[in-house]
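Per Swiss-Prot, these features apply:
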- 1-123: topological domain 'Extracellular' (TOPO_DOM)
- N11: N-linked glycosylation site (CARBOHYD)
- 27-36: compositional bias 'Polar residues' (COMPBIAS)
- N66: N-linked glycosylation site (CARBOHYD)
- 78-89: compositional bias 'Low complexity' (COMPBIAS)
- 99-111: compositional bias 'Polar residues' (COMPBIAS)
- 145-513: topological domain 'Cytoplasmic' (TOPO_DOM)
- T172: phosphothreonine (MOD_RES)
- L189, G190, E191, G192, G193, F194, G195, F196, V197, K211: ATP binding site (BINDING)
- Y256: phosphotyrosine (MOD_RES)
- S340: phosphoserine (MOD_RES)
- T341: phosphothreonine (MOD_RES)
- T346: phosphothreonine (MOD_RES)
- Y354: phosphotyrosine (MOD_RES)
Amino acid sequence: MARSNRCVPQNSSIVQIPIEEVFKTQLKSRWQQITMSSASSPPPPQVFVPEPLFSEPPPPPKAPVNVSLSPPPPPRSPSTSTPPRLGNRNPPPPASPSGQEPTTPTMTPGFSLSPPSPSRLSTGAVVGISIGGGVFVLTLIFFLCKKKRPRDDKALPAPIGLVLGIHQSTFTYGELARATNKFSEANLLGEGGFGFVYKGILNNGNEVAVKQLKVGSAQGEKEFQAEVNIISQIHHRNLVSLVGYCIAGAQRLLVYEFVPNNTLEFHLHGKGRPTMEWSLRLKIAVSSSKGLSYLHENCNPKIIHRDIKAANILIDFKFEAKVADFGLAKIALDTNTHVSTRVMGTFGYLAPEYAASGKLTEKSDVYSFGVVLLELITGRRPVDANNVYADDSLVDWARPLLVQALEESNFEGLADIKLNNEYDREEMARMVACAAACVRYTARRRPRMDQVVRVLEGNISPSDLNQGITPGHSNTVSVRLDARAVRVKPHGEMDSRWGRFKRTAQRYGGDSL
């Protein structure tokens with residue numbers, strides 16, 4: 001095809017390029033074919049945004065099929081549009097007379113060949129990634145927080161335990177160590193056959209009593225937990241409540257409520273303490289007997305305390321008694337049999353059959369409570385450490401005086417001289433009768449604790465404490481002195497009185513003390 005030698009003026013807006021008639025005919029025919037093909041075929045998917053059609057710069061000229069040329073900037077009139085390229089089938093573009101390549105405007109036959117705008121896809125992807133990432137981060141934080149819970153005192157053994165119940169909880173060894181100032185002597189409240197008791201203050205400010213059992217106990221973890229699970233269900237106003245426990249390696253710790261006004265031993269035998277008046281002594285006797293009776297009569301299975309003593313009877317500010325330290329009590333699985341166990345307890349409170357053979361029943365607790373009643377009556381300790389009286393124990397010293405007091409209603413030799421005879425004689429007679437019945441030598445002749453409670457409260461007669469005697473037929477608690485306890489006396493007066501004590505016992509058919 002011959003090129004035109006005419007030059008295009010630079011200042012003209014549109015320059016018409018003359019071409020041969022044949023080229024015009026072919027171009028017109030091709031354009032009609034493209035138009036008919038576009039009309040017959042379905043329209044392409046609308047994946048473009050038509051707005052930027054005239055705002056974008058025109059592409060480089062590669063298919064100069066338009067009959068007119070326009071200098072940049074490109075015209076905005078749609079009449080200057082040309083059909084798209086048809087590949088190699090397009091005719092070669094005409095050359096300008098000056099040898100320069102002609103400029104071809106943008107072609108828009110109803111669709112764009114440029115890539116689709118990614119605006120909508122990018123928004124959806126960002127939203128999806130944000131939600132997924134947020135869920136992943138939250139899940140990761142949850143597991144990290146659960147895994148990295150604070151641990152108390154890594155140097156201490158790791159605690160093991162099960163939740164006791166709704167009102168109880170487990171404690172770590174570190175928590176109890178901090179609560180008791182590392183079990184310091186300043187926090188030591190007392191020491192018994194089972195271990196040491198410390199005062200502690202928990203993180204919430206509550207005061208507790210922490211009992212640290214002696215290491216080396218043969219009691220296994222399952223046995224300990226089973227026993228603790230039972231006593232955790234016991235709730236009585238005259239029993240110290242169990243708060244929780246801790247098992248850490250070989251360590252066994254019990255956590256009890258803290259009773260602020262010390263123990264009966266402190267108030268009764270403490271050095272420099274004022275004399276406890278009689279009404280308070282009776283109140284303590286009644287309330288403590290109720291707590292012990294609950295263990296024996298209302299628990300199923302019944303619970304044997306094994307270490308009833310003045311030091312385990314706590315006093316609140318109203319002088320109500322709470323029986324403590326039953327956390328190591330022996331559970332009697334059969335009410336008709338005894339439990340053979342290693343002797344545990346405090347000398348001076350042990351029942352004869354328990355100390356001799358280890359045979360344990362609830363009547364062993366009854367004997368120990370009788371010793372506590374003798375302490376309240378006499379003001380003496382259960383064992384004479386200073387050898388003030390010749391007998392080895394308070395019970396041995398009190399046996400003959402108990403009979404005299406019951407027969408003659410003479411309590412001067414038995415009652416605490418610090419009371420200065422300031423006591424109710426009827427109340428004293430009831431307490432003496434209970435003490436005498438509780439410390440009987442034969443276990444089966446001792447009364448039940450519910451009987452002791454009713455006698456102390458004045459609801460039944462002291463004669464109902466007698467075994468084998470119809471209630472109401474006797475006005476005296478039948479007793480017989482153990483000859484061994486009497487004949488060790490250095491004074492002949494005791495031996496001379498033995499005959500009268502023996503005749504009294506035979507008259508009422510009683511049993512030995």
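Any Cβ shown, glycine's included, is placed from N, Cα and C.
Keep in mind that this is a model prediction, so the values were computed, not measured.
Recorded features from Swiss-Prot, shown on the structure.
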residue	record	Cβ neighbours (10 Å)
T172	phosphothreonine	19
L189	ATP binding site	18
E191	ATP binding site	11
G195	ATP binding site	20
V197	ATP binding site	23
Y256	phosphotyrosine	23
T346	phosphothreonine	19
Y354	phosphotyrosine	25
- prompt: Given the model, what does the mean pLDDT over the topological domain 'Extracellular' (1-123) come out as?
  reply: 54
Helix, strand and coil counts within the compositional bias 'Polar residues' (27-36) (DSSP): 10 helix, 0 strand, 0 coil
Query: How long is the line from the C-alpha of T172 (phosphothreonine) to the C-alpha of V197 (ATP binding site), rounded to the nearest angstrom?
result: 17
- request: Going by Cα-Cα distance, pick out whichever of the modified residues Y256, T346, Y354 is nearest to L189 (ATP binding site).
  value: Y256
Message: Please report the Cα separation of G195 (ATP binding site) and T346 (phosphothreonine) in Å, rounded to an integer.
response: 13
- prompt: In DSSP terms, helix, strand or coil for Y354 (phosphotyrosine)?
  reply: helix
Query: In whole Å, how far is V197 (ATP binding site) from Y354 (phosphotyrosine) when you measure between their Cα atoms?
result: 25
Message: Going by Cα-Cα distance, which of the recorded positions (E191, V197, Y256) sits nearest to T346 (phosphothreonine)?
response: E191
Message: Tell me the Cα distance separating Y256 (phosphotyrosine) from E191 (ATP binding site), rounded to the nearest angstrom.
response: 15
Message: Quick check for the class: what is the C-alpha distance, in angstrom and rounded, between V197 (ATP binding site) and Y256 (phosphotyrosine)?
response: 10
